[in-house]
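Visitor: Below are the structure tokens for one structure; questions will follow.
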Amino acid sequence: MEIPYVLMQVVLFMLIAYPMIGYAWTAAKFFWFMYTMFCTLLCFVYMGMVVVSFTPNIQFASVLSSMFYTLQNLMSGFIVPAPVSEPI
């Protein structure tokens, strides 16, 4: 049910964002990035459906979703540690 909706979002995102990012215009890189974005958005949509179906109220769902987002950011490389300075 969600696949056509997410595919439409990814195509729209790719048409706008890919030229602005400045990646190389090769078909392999374009479709690889499109596949990555498609899988990422599907992961978020399905994770949201799981949280909604397992939680009894919106307060618990908010806490659980923030935990999921934190774990995903930790594992995806968005939180980059500061460089370690060497002692003088």
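Including glycine, each Cβ sits where the backbone N, Cα and C put it.
Since the structure is predicted, the reported quantities are computational estimates derived from the model, not experimental observations.
What TrEMBL records for this protein is below:
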| type | residues | note |
| --- | --- | --- |
| DOMAIN | 2-83 | domain 'ABC-2 type transporter transmembrane' |
| TRANSMEM | 6-25 | transmembrane segment |
| TRANSMEM | 32-54 | transmembrane segment |
| TRANSMEM | 60-80 | transmembrane segment |
Visitor: Please give the sequence-distant neighbours of the transmembrane segment (6-25): residues at least 6 beyond its ends with Cβ less than 8 Å from one of its Cβ atoms.
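Guide: Cβ under 8 Å, 6 or more out: 33-34, 37-38, 41-42, 45.
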Visitor: Who are the long-range neighbours of the transmembrane segment (32-54) in its own chain, taking Cβ under 8 Å and residues 6 or more past its ends?
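Guide: Contacts of the transmembrane segment (32-54) (Cβ under 8 Å, skipping residues fewer than 6 from its ends): 2-3, 6-7, 9-11, 13-14, 18, 23, 61, 64-65, 68.
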